[in-house]
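Everything on this sheet refers to the single structure shown next.
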Amino acid sequence: MWNYTDKVKEHFFNPKNSGVLDDANAVGEVGSITCGDALKLMMKVDADTQLIREAKFQTFGCGSAIASSSALTEMIIGKTVDEALTLTNRDIAEYLGGLPPEKMHCSVMGAEALRAAIANYKGEAWEDDHEEGELVCKCFGVDAAMIERAVTVNGLTTLEEVTHYTKAGGSCQTCHEKIEEVLEEVLAKSGALKPAARHAPGTVGLDAIKPLAPKAEAPAAPKLTNVQRMQAIMTAIEEMRPQIRRDGGDVELVDIDGKDIYVRLSGACSGCSQSAGTMMGVQMKLVEALGEFVRVKPASLMTAGV
Amino acid sequence: MTKGIYLDNNATTRVDPEVLAEMLPLFTEQFGNPSSMHGFGAAVGGKIEWARKQVQALLGAAHDSEIVFTSGGTESDNTAILSALEAYPKKREIVTSVVEHPAVLSFCDHLEKKRGYTVHRIPVDRRGNLDMEAYRAALSERVAIVSIMWANNETGTIFPVEELAVLAKAAGAVFHTDAVQAVGKIPMTLADSAIDMLSLSGHKLHAPKGIGALYVKRGLRFRPLLRGGHQERSRRAGTENAPGIVGLGAAAQLALLHMGEENTRVRALRDTLERAILAAVPNCFVTGNPDNRLPNTCNIAFEYIEGEAILLLLNEQGIAASSGSACTSGSLEPSHVMRAMGVPYTAAHGATRFSLSRETTEEEIDRVIAVVPGIIEKLRSFSPYWQADAGRPKEFAPVYS
């Protein structure tokens, strides 16, 4: 369980301003269901004063995403659009008394939604802003501009920090190199710390997992009748007997109960330390002969009435 | 808050009071080192052998000497895989599934990246069933070990391990199964099976954490992971965790005793919970194979909301469950199991696992049934993907989607 502050919990359990604002004149939508976080921020801006009179949100996401959205609305109501534009994700996190590092991306989503909503109010195309910056992380739809803002505002210096704050690079990891390039650029501009060491590329393991595509039903194998099945079992066992007899033992079919085939080992096989191996050999032979899975069991395991 | 309702038993279970009672003397009166040549040690040694027999009985193993005590599931899994690779050094391939526990998957990743082994990860279908065609195709004389779980920890889906083992043996490979979730919940008779090795973990069956076992079939070529002293017949060096071992023995005994209950009463409770939630909540479904799974597990994917938020609201009501959602783990993607089954993102993030135990009561289930629909409704009421008044999903296409 994450160690959330009381303020985060308060905004999560009793979110302020959740729901739809019907006559909103500023709407910002960011995030995606793929990345597990999405936010729709709706605001009513007074055209004369530029004051944000009302703000509501709808959020798909974790506790801190919902809390960040709720906090954001509380923070911007009563501010002018320009005042609101000065808010950063760090302000949202601070308002909440802090967020776990892995959850800072929730506050970034809030700040991004605010920018999108204001762009929408001003009639600017937010998508253009998005396209200006190269889309770095395709899994989470994070562009270079967003990484740059997160790095600058929060003083980030490593790839891991960028992932915590923006989610970029948190999935297939193929964009790690690109993220580091953006990071290097920003740090070079600001003359700040050296960038993090390069992350080894590679997408083996969990990240390489792709869902199995649905496929057509395989044609069913011709089904044996009960009599054919019984004959196949008897024939397979008969074929094995000479070999077993050569070793001084024997095997006989006792009964067939669905997938359970009961046999009796005798002679040298009875009580032999290798009898489990012999049983296994019989099982494999039968599985092969029948084209289905069966269990070969000693007759001693037969329940009464079988 | 009322007394907590614990439905996260696939994560860990409460130590049974009877188990604890068996363990306590091992901390105080019977504290000897079982390797010591005096009475203090001998008393403990006897208890360990008693525990070994209990685990043997639970697994239906032919010999008590086939049980090697370890620190838990992860050590057992790692040991099994490494043992087979070292015992058959010319075989450079491993077969596993995409839905294994990280104790197997991450270790296989490591072996692939650092030691150059080829790993075949067998996919599953939408219900979590193993692709048998791909499995058969992956088997060859190059495969040293097949490691496939008996039952999945998230969905409870059971794999046909007996059949998988027979096929693996026919190809000349060692067969190991991570049965951490299955042991104690479904009957097993390893003596009659082709299974070479099996991992189990104590804390999943009301024993303490930090104790587990590896079943090693008699006659199997084995190489230890931990080398040092001659404990566990030189198959696992290190002074025995005697209290843990005795606890595991007692837990195994109880598990065998309660196996019937697990498969009847607990299963019925699980089904009641599941039916009620599915009936009361729109847009949710059971993940995995509902017809072939552990009796205690149900994993329901609630569409258009996120798992951590569900867990936080459940927790507020004193209910503990689990989520495969990204945000609970600190990673950013939904669980690899949901992804492997192709569960759409709209639902994978909201997958919630309720796992019962023999301690779960009818009253607890009734309480959960009463609480869940309201929680889902509340979260959906402010989800941008949900049209609250119409009670159905709506289109939402944000700029970063």
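Using the three backbone atoms N, Cα and C, a Cβ is placed for every residue, glycine included.
Pulled from TrEMBL, these are the features on record:
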{"type": "DOMAIN", "residues": "A:4-124", "note": "domain 'NIF system FeS cluster assembly NifU N-terminal'"}
{"type": "BINDING", "residues": "A:C35, A:C62, A:C106", "note": "Fe cation binding site"}
{"type": "DOMAIN", "residues": "A:135-185", "note": "domain 'BFD-like [2Fe-2S]-binding'"}
{"type": "BINDING", "residues": "A:C137, A:C139, A:C172, A:C175", "note": "[2Fe-2S] cluster binding site"}
{"type": "DOMAIN", "residues": "A:234-296", "note": "domain 'NIF system FeS cluster assembly NifU C-terminal'"}
Site with most surrounding Cβ atoms, counting all protein chains shown within 10 Å, from the binding-site residues A:C106, A:C137:
A:C106
Between A:C175 ([2Fe-2S] cluster binding site) and A:C35 (Fe cation binding site), the C-alpha gap once rounded to whole angstrom:
15
Could you check the binding-site residues A:C35, A:C62, A:C137, A:C175 and tell me which sit with their Cβ under 8 Å of a chain B Cβ?
A:C35, A:C62
Which has the fewest other Cβ atoms within 10 Å: A:C35, A:C175, the binding-site residues listed?
A:C175
Cα distance (Å, whole number) from A:C35 (Fe cation binding site) to A:C137 ([2Fe-2S] cluster binding site):
11
Going by DSSP, give the three-state secondary structure for A:C137 ([2Fe-2S] cluster binding site).
strand
Report the mean pLDDT of the predicted model across the domain 'NIF system FeS cluster assembly NifU C-terminal' (A:234-296), rounded to a whole number.
82
